[in-house]
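Undergrad: The structure that follows is given in the form of structure tokens.
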């Protein structure tokens, strides 16, 4: 049977996922378009902050589509269909970009090789209307009416984003988010599956484990130790709560760290050195904290003062590095904005709780120290009189 504390954190993790999923769905469903255009369905892509909106017309096998993806003015985005396989090579795509004057345009081209020439071409599916493009609010939106190939509604879709240089389209990054930007979409039902869904799922698990462990449990344990210990009625409960949070965070964090190493070993030629190195540093420092528990001296031991310095400095270092690395992970995975927002909300909540408790416990701690000093003074005076 799960302990109440563990159950609470499992519920919090689930709440984060639900909050992020709801925010992502809301981003897709609440999207608006110029000219009052509306679409019957939408799909929030799992990577690159992109979404596809469409209305399928079964009477003629066409679909009115609007592909939207975040990008700076110095970048390009693209979307298309691959009639033959789930992958970039062989696909027919629309690529939106801007020239030196800031005018947005759409290129229709076929990606017949891994290094295509990106010359204008007739696509492998019909385009009865469009394409047109708009750039607004830091995102491109490509509009078009397409004739779904093969008289079927299930198709291999691809999307991508990359940089511009002098108005010229440059190769896209080889980040996990870019390499996972494919999925099979049913334009009739709206369901989708991806060839890299399993790997993407493991990346998401890696992110959630580390965010909950290093980004929530460990800071919460530190807050408990710093503030609850001030209240005499909370002793020794605060200590056991502190240990429960830190041990749970360490176990989950090591699991997430190990999964990250496994994902890294599978990404040959793609290494995120800062994220990886900070992760290793966090693991090493957190392991030192485990040894700190085993080597904890008695309160009256003369080395307890130095142990406290070691324990506190290493602990706060883990918390700071963890927050930095979690945001670096968001930059690598580029998930929907809901996940990052959820973590920021949790982080701000923990910070608010810490500030509130700081204001409450300072007066209590000062009175306690004064009382202890008076007791020590009275004890010394009594000893001198007795002597």
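Backbone N, Cα and C atoms are what each Cβ position is placed from, and that goes for glycine too.
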Undergrad: Among 171-192, 237-258, where does TrEMBL put the label transmembrane segment?
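TA: Within the set 171-192, 237-258, TrEMBL attaches transmembrane segment to 237-258.
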Undergrad: Look up transmembrane segment in TrEMBL and report which of 126-149, 342-365 it refers to.
TA: 342-365
Undergrad: Take the Cβ of residue 206 (heme b binding site) and count every other Cβ within 10 Å, whichever protein chain it belongs to.
TA: 22
Undergrad: Name the residues of the same chain, 6+ apart in sequence, whose Cβ is under 8 Å from the Cβ of residue 311 (heme b binding site)?
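TA: Result: 289, 292, 296.
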Undergrad: Across the domain 'DOMON' (48-162), what are the DSSP residue counts per state (helix, strand, coil)?
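TA: Reading the DSSP string over the domain 'DOMON' (48-162) gives 3 helix, 70 strand, 42 coil.
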Undergrad: Which of 237-258, 307-330, 342-365 has the most Cβ pairs closer than 8 Å to the transmembrane segment (278-295)?
TA: 307-330
